[in-house]
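Annotated features in TrEMBL:
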type     : residues : note
DOMAIN   : 110-335  : domain 'CHASE'
DOMAIN   : 403-679  : domain 'Histidine kinase'
DOMAIN   : 703-834  : domain 'Response regulatory'
DOMAIN   : 858-995  : domain 'Response regulatory'
MOD_RES  : D759     : 4-aspartylphosphate
MOD_RES  : D908     : 4-aspartylphosphate
REGION   : 157-184  : region 'Disordered'
TRANSMEM : 41-59    : transmembrane segment
TRANSMEM : 344-367  : transmembrane segment
Amino acid sequence: MVVCCKGSALSRLWKSKDQQVQQLKHYQPQNSKGGGNWRKIFLFLGILLGVLVSIWIFLSMKANIIARRKETLENMCDERARMLQDQFNVSMNHVHALAILVSTFHHGKNPSAIDQKTFAEYTARTAFERPLMNGVAYALKVLHSQREEFERQHGWKIKKMETEDQSPVQDDYTPEKLDPSPDQDEYAPVIFSQETVSHIVSIDMMSGKEDRDNILRARASGKGVLTSPFNLLKSNHLGVVLTFAVYDADLPPNPTPEERIEATVGYLGASFDVPSLVEKLLHQLASKQTIVVNVYDTTNSSAPIMMYGPDVTGAGEIHISNVDFGDPLRKHEMHCRFKHEPPLPWSAITTSLGVAVIVLLVGHIFYAALNRIEKVEDDYREMRELKVRAEAADVAKSQFLATVSHEIRTPMNGVLGMLQMLMDTELDATQQDFAMTAQASGKALIALINEVLDQAKIESGRLELEAVPFDVRDVLDNVLSLFSDKSQGKGIEITSDEPVLHIYFFAAVNSDAYIPLIRINLDRQLWTILDKFTEEGHIFVSVHLVEEVKCSCDFSNRVIIDSEDGTNMSYNTLSGFHIVDRWKSWENFRMFKFSTEASDAVNLLVTVEDTGVGIPQDAQSRIFTPFMQADSSTSRTYGGTGIGLSISKCLVDLMGGEIGFVSKPGIGSTFSFTAVFQEGRKNLGDMKRHHPDPPVSDFQGMRGLVVDGRSIRAEVTKHHLQRLGIHADTALNSKSAVSGILEACNLSGAGHLDAVLVDKEAWGEGSGLAFPSLLAELRQNGIMKPQENLPKMFLLATSLSPIEVDDFKSAGYTDTMMKPLRPSMIAACLRKALGVGNKRQREKGQAMALQSLLSGKQILVVDDNAVNRKVAAGALKKYGAEVTCADCGKAAIQMLQPPHKFDACFMDIQMPEMDGFEATRQIRSMETKVSELIKSGEASSEMYGNVAHWHIPILAMTADVIQATYEECIRCGMDDYVSKPFEEEQIYSAVAHFFESGTVDSVS
């Protein structure tokens, strides 16, 4: 009834969700808001216009700055080009004048008034007039017929240039080593030279290609001509040669080129070292470092020759100035660019920003005024919006609670399903204990699921509390039994210790419908730790009195810290793995700092220690925040909603306690919480009802020995034996264990040893199997008494394979006890081995009504969870159905494509890739198409199994218990709804509608 009421309430919230969302979506402000909106629009447009004006100011000022910079570059470049051109023209005039001088004083006088010494001295003294020249020389025109006479007069041979293209000669160049000039019609040997180029005397200028072309053009044109840039002789610098023809006095006033050639008597040449010349010019200017200058010979525009300047380019734009060196055939350009990047246009930036700031300030003033005018309307509208959002949030909260209910019901389905399957088998003593524990756990889970939606009461502070008696030991035993399968599957040690609680019977503050809140806390923490975050090692749950922990240093060191220093901690823990210092998880609790005055209050400290992955340091501050996880990415390794610890903290607060933790990544975590209880009355009725430990009368007077190399684990096992009334001792090594057994074998009566419990990994892997062999050797050596005096030996293990069970039994063990240990399980095992007590027989029944309905029916079960598939299949097979399983919606669509053999389908709703709703829609679509084909005659019913109308009954399986989910199932084409876990009455009610006739068509 409670479930129905709460489901109905959630259903109403769910149905109102669309209305509330639509109300928020379509909510419109009142008409009075229109004027304010227009005012804001105009204000926005004004601000936008002001910002655009500031941008325009910035762009225009920047463009002006760039234009001024460009103009500056043009002026600087043109100035340098003009200066270079003027100085070159001056130098050219001096060379022309020198040519006239040679013509007058050398060729016009007989004998000549000029010799090499006079020429060298004159050119040296007048070098300042030619600052751009590297040197001058005069070459005489000599015909081939005059060569022999010429060489005899001068006393040297006419030499040929080293290479035809005038490659630079070596530093050790000497004219004497050059070859004589080959025979040709005409020669131009150098007879006079400036001292700086004296090494070219006797060299035939006609033997070089560039100089030959220059000479031929100069004498034909009568003007100064330039060569293309080339590496000068000796200096290895890039330069050009200026050549003037020297004519005799008989040249007519306006001679033709032929007359000029005929009147030519020699050639005056001047070499220009272009890099040096341009560098001298730039040194004369103060701003020479501001721009980068490159001089190019662009006679061949497709392949310009760089005569001066660096290879690296400057920043910004480039300006080109033409340079006229007096030779119309050759073209030269000067390229200029700024050396550095242009500075930021600060004036434009500051001006535009100033305008923008003024505009924004004015806009802010107007905006504040508009907001003041509209304050009343805005407040009213905000109240309306908040109201609608609060209603939508309430719907979202209800959906969240439904999701939580689903997440808890899913594992509950596996628990109760496996319980029912277990109850239908023959049970031995150990299995009887398992069944009893599972039955009690199932009932507790049902109570939890039916009331899980009361989480809303916790958050709203309306949870009603009352005192309900319970026994802490029973709570711990029940909690650990829930996770026995999980821990055994992973091989993880999980156990509890409550050494100071065996004399107390407590009353817990609790809701009437809930199991004790202390158990809820443990359930939440242990499920998360074991299922997600612990792959090896152990989980250790301990419960102590706060006063006991505060006052006993010895107890704290033994149980909590385990090791005084960190060096041996990995050897003194439950599993041998390293652990964190547990005391740090509660060191800041108020209960440990202040004394409690209430005499009837009992303060408990519950600690859960694990050796899992730990919590990253950056995530520890938000670990108790709802919906927050250590890894919040979509690809995280561990799933979940992120609310478990937040709910645990809320429950601890309700019990007047505190919760804390300590964690180190890669080592593990320890969570601790305190709770305040009252000591209950220890009357006989309460003890019978809440203390279901096996009767100790069956084991009174018995003695047991616990053999385990880890002292903590041995103490826990010893404590469980003592709860049964068995006097137990511990042996931490094989020598003391053998000694204890030998001593007990020699005694009788009270000193006799009844049972020996040996841990599978007492001193390491395989040590448990080897222990019986020690006793076998002693028996062979005659040290041990006959076999009947040996105590029964039991193996304690976290996980065992069937092969290992056979090996241990053949080694001499009477039976095995699987961890986590519980008194009921130990008692059942001892009763079976020692022959004490009676074995309760259970009768198995069968629901005949369901048997008649489901027998022989083909059922398809679709669920992505393997446990749920197994449970559903087992529940249906129990009643005679033939079950086929599919793990996803796509597989179900393939299997239910007509024709098929199935009579019904149980479809899970929440599945990855394709959920049950979408899979059902596609199945119904396929069935509709096939039925229409058959009805229209396009296909025969024989093609589809002789079925005219295809419609397989599909029953939804889900853990949701709200009405909205049921309505969605019907809308998508499902026929009914089955909630998890399955109950016999529920299954019957669902399938009776389809199968009660006894002969029902499989799909119609």
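Including glycine, each Cβ sits where the backbone N, Cα and C put it.
In TrEMBL, annotation is done automatically, which means it is predicted and not curated.
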Counting other CB atoms within 10 Å of each candidate's CB, the least crowded of the modified residues D759, D908 is D759
Separation of alpha carbons, D759 (4-aspartylphosphate) and D908 (4-aspartylphosphate) (Å): 43
Give residue numbers and ranges for long-range contacts of the transmembrane segment (344-367): same chain, 6 or more residues beyond its ends, CB-CB under 8 A. 40, 43, 46-47, 50-51, 53-55, 57-58, 61-62, 65
Looking only at the domain 'Response regulatory' (858-995), how are its residues distributed among DSSP helix, strand and coil? 65 helix, 24 strand, 49 coil
Looking only at the domain 'Response regulatory' (703-834), what are its DSSP counts of helix, strand and coil residues? 67 helix, 25 strand, 40 coil
